[in-house]
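The structure appears below as structure tokens.
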Amino acid sequence: MGGVEDDEPPSKRVKVSSGEVRSFSGSLSLSEPVNSFLGDSMARPLAFEGGEEMVGSKQVIKKVEFVRIITKALYSLGFDRSGALLEEESGIPLHSSVVNLFRQQVLDGNWDDSVATLHKIGTLDETTIKSASFLILEQKFIELLGKEKVMDALKTLRTEIAPLSVNKNRLHELSSCLVSPSQCKLLGVSSQDTFSSESRFKLLEKLQKVLPPTVLIPEKRLENLVEQALNVQREACYFHNSLDSALSLYADHHCGRDVIPSRTLQVLQAHRDEVWFLQFSHNGKYLASSSNDGSVIIWEVNENRVSLKRTLNGHQKPVFTISWSPDDSQVLTCGMEEIVRRWDVSSGECLHVYEKASLGLISCGWLPDGKRVFSGLSDKSICMWDLDGKELECWKGQRTLKISDMAITDDGRIISMCRETAILLLDREAKIERLIEEDQTITSFSLSRDNKFLLVNLLNQEIHLWSIEDDDPKLVSTYKGHKRTRFVIRSCFGGSQQAFIASGSEDSLVYIWHRGTGELLEALPGHSGAVNCVSWNPANPHMLASASDDRTIRIWGLNSVNLKRNDTYSNSNGVIHHCNGGT
């Protein structure tokens, strides 16, 4: 059934043009001619049969595999003639003549012949043959249904697919298609394209995952090998702090210490009092800062320059913390034991005020859906509102401390301080509580971008890195060197892959450590007062911001940046001072 006539020469079998192949195959590169060589490959001896020739300086790369992978990549990139020429010149076919015949039979819909050819490939075990046969006969069944040959489809199901004893759940699903056409649609089977070229290319893609890579080389194998090599170089680069776009195939990758932001590019002097908090937006396009003067300023980031966009006034007390909405269009600001305000970043309009009668709010944040906000209260409780201010929930845990820092992970776990020396990880849906317990008083903490790590600042002038991915939190690393005696000092993750840790300090310096080793890399001078908070731009690994009691914000960048203007000072209206570093 559906076989190729015996007297039909292989070279005359109907082929899909390379243009059609590319248009249907998507990520699957099937544009390579089914007859691999420019000539009649089925009659040619395989040039690589015999010994294993090795290439490369270490002689660990098999030449045949190397050439075949390059050939596959050429076809994947659409260079059909180049791929065919490489096969011809090297004498190494991309596929054996049997595999070529098998692929063509699949594309032509010669299902019985393709199953027979499958048994002739020679390197396949029984399990692989059955799994591949199931996929082929499934396609045959679907195409028969598409042609409304219900009895033939039933016969195929009973006499060909069922005896394979493979994937019985799928077999039941296919059976349901016989009695309910709507069930076919639920299974992703459409009568309109059941026997189109596209569906057969998808079948080849499925077969590729079942058959050994020596038979059908995996898609994008060369690209995957190159990416693995780049990843190894990146992971081995101690100071790696560049975007992936900076990686090149032309030379081995290596970053020097100069890729760490260590030079003051700008000093921002728009706040009238100590700057207590600052945070870049998720997309890195904005920086929000808050001050003891009660103001919040939104700064706009353009490459390595930062400019004042808008000042938000309304709080009657110092603004202690800020939180960006998931889409960066809004920002929450929290006054010290006061209220939480929600602002529109573009217009500067205060959209809502969240408050609780006779209580002060002392922290704020967004739930991952961006439709709810939360805050810690001065009575040691946590409240949640919708955007319009409707209180959704308010609870007070048995071990809840007067809430300061809080965070919520992407999967909804609530992180808060529950004792002076402990942080509570609360999964309210699963009703699971876990604790991070320290020997020293905790002053602040911050959550990594991937939600897997927590950076904890302690009273004893140490910063601890905890892994919170598993059920049992683990202390991973410790960072020392900064000074903290009286104030809340905040630290952050930063750089490419968040491979560095930065922190403020009461000695007016900004400290940067290597996250993996704990080595102190930089202690940056410039501020003339305690550095309260730091924030690393998530979109630009070369930009770091610091907030200080000296009423300024410093923007740090690379030493190699060429500055157009030097020694231009600012005043209280937000004019910016560009400098070469130092004070």
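Each Cβ is built from the backbone N, Cα and C atoms, and glycine gets one as well.
Here TrEMBL flags 1-20 as region 'Disordered'. The domain 'CTLH' annotation in TrEMBL covers 95-152. Feature annotation from TrEMBL assigns repeat 'WD' to 268-309, 312-353, 524-566.
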Please give the average pLDDT for the repeat 'WD' (268-309) in this predicted model. 96
Residue counts in helix (H, G, I), strand (E, B) and coil for the repeat 'WD' (312-353), per DSSP? 0 helix, 23 strand, 19 coil
The repeat 'WD' (268-309) resolves under DSSP into 0 helix, 25 strand, 17 coil
